[in-house]
Amino acid sequence: MKQKLSIVKIGGNLIEDPKELYYLLHLFSKIRGNKILVHGGGKKATEIGEALGIKSKMVDGRRITDAQSLDVAIMVYGGLVNKKIVAQLQALGVNSVGLSGADANIIKAYKRLVNEVDFGFVGDVEKVNTYSIFKILQAGLTPVFCALTHDGKGQLLNTNADTIASEIAIGMSNQFDTTLYYCFEKKGVLKDISNENSVIPFINSKKYERLLALKVINEGMLPKMHNCFNALRNQVSKVCIGDSSMFEEGYTNFTTITL
Ligand SMILES: Nc1ncnc2c1ncn2[C@@H]1O[C@H](COP(=O)(O)OP(=O)(O)O)[C@@H](O)[C@H]1O
Ligand SMILES: CC(=O)N[C@@H](CCC(=O)OP(=O)(O)O)C(=O)O
C-alpha cells in the first residue's frame with residue numbers, strides 16, 4: 001500500500017493575514033505523515049513592486065514578468081515569504097526546508113508562450129524531480145516550495161503556485177497516495193461569491209462545465225479548477241478547496257473536486 005502524502009497550497013490573501021497564516025501553519029504542523037507546503041504571494045509581489053514603481057500586469061491569472069518583475073518575484077517569493085514561513089514552521093516544531101524549483105534541480109520549466117502572448121520570465125513546468133523530494137521527505141524534512149522554477153540554463157522563472165502544487169502532486173503520485181489541498185481565504189468554491197455560506201460541497205467535470213457557463217467560477221478560481229482536474233486525471237487521489245478550517249478534525253464545510 002502506498003504511503004500517504006498531503007500537499008497544501010496557500011495563496012496570497014491568506015499569507016497576507018498574519019493571524020490566518022499562523023492558524024493555517026499551526027494546523028499544518030498537526031498533519032501526520034509526509035507533507036509538503038507550496039505558497040504563492042502574488043499579492044505581496046504586487047505591493048512591493050508598486051512601492052518600487054514597477055506595475056503588475058496579469059493575463060489569464062498569470063503575471064507578465066519582465067526582468068524587473070522577476071527580481072521582485074525572486075525577492076518576495078524566494079526570500080521574504082518563504083523564509084518567514086519556514087521560521088514560523090520551525091517554531092511550531094516542523095523541521096522544514098525552504099526551496100525554489102532550482103534547488104536540488106527539483107522543478108525544471110520552459111518559458112511560457114501561449115496564444116502569442118509573451119509572458120516574459122514565466123515558466124511552465126517541464127519536469128519535477130520527485131527523487132529529490134522523496135530524499136528530503138525521507139530525511140524527515142518538510143519541503144516548503146515557493147513560486148519559482150528554473151530552465152536549467154541559469155534562468156529563474158516565475159511560475160503560478162497552484163500549478164507548482166498540482167505538478168508536484170502529479171509527480172509524487174507514482175509513489176504516494178496523494179491529497180492536494182488548495183487552501184485560501186474563502187470556505188470553498190462558492191455558488192454566490194458574496195455569500196460565504198454558499199459552499200458547493202462536490203464538483204465533478206459535468207458540474208464544472210455548468211458552473212463555468214453560469215459564470216459562477218472566474219478570476220483566480222479558473223486556473224485553480226483547471227489544476228484540480230489536471231491533478232485528478234493524473235493519479236492524484238483527492239483534491240479539496242477550502243479555508244484553513246478544512247484541517248480541523250471533523251470539519252466538512254469545503255469543496256471536494258471529483259472527475
Ligand atoms: N465561485 C468562486 N468561489 C470562490 N472564489 C472564487 C469563485 N470565483 C472566483 N473566485 C475568486 O478566486 C480567488 C482565488 O484565487 P486566487 O486569487 O488566485 O487565490 P490564491 O492566491 O489563494 O490562489 C478568490 O479570492 C475569489 O475572488
Ligand atoms: C506566473 C505567475 O502568475 N506567478 C504568480 C506566482 C505567485 C502566485 O501564484 O501567488 P498566489 O498563489 O498568491 O496567487 C504571480 O507572480 O502572481
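Backbone N, Cα and C define each Cβ position, glycine as well.
Quick look at what TrEMBL lists:
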BINDING   G41, G42, R63, N158  substrate binding site
DOMAIN    5-242  domain 'Aspartate/glutamate/uridylate kinase'
SITE      K9  site 'Transition state stabilizer'
SITE      K224  site 'Transition state stabilizer'
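Feature map: TrEMBL annotations on the structure.
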residue: K9; record: site 'Transition state stabilizer'; DSSP (3 states): strand
residue: G41; record: substrate binding site; DSSP (3 states): coil
residue: R63; record: substrate binding site; DSSP (3 states): strand
residue: N158; record: substrate binding site; DSSP (3 states): strand
residue: K224; record: site 'Transition state stabilizer'; DSSP (3 states): helix
Using the Cβ centroid of G41, G42, R63, N158 as the reference point for the substrate site, which residues of the same chain not in that list have Cβ within 8 Å? G40, A45, T46, T65, A73, V76, Y77, A147, N160, A161
Judged by other C-beta atoms within 10 Å of its C-beta, the most isolated of the recorded positions K9, R63 is R63
Output, ordered by sequence, the same-chain residues six or more apart from G42 (substrate binding site) with a CB under 8 Å from its CB, or 'none'. G11, G12, R63, A147, A161
Of K9, G41, R63, the recorded positions whose C-beta sits under 6 angstroms from any atom of ligand 2 are G41, R63
Among G41, G42, R63, N158, the record's substrate-binding residues, the widest C-alpha separation in angstrom comes to 12
Neighbour-count leader, CB within 10 A, recorded positions: N158, K224: N158
Under 8 Å Cβ to Cβ from G41 (substrate binding site), same chain, six or more residues apart: give me those in sequence order, or none if nothing qualifies. G12, I15, V76, Y77, L80, V81, C146, A147, A161
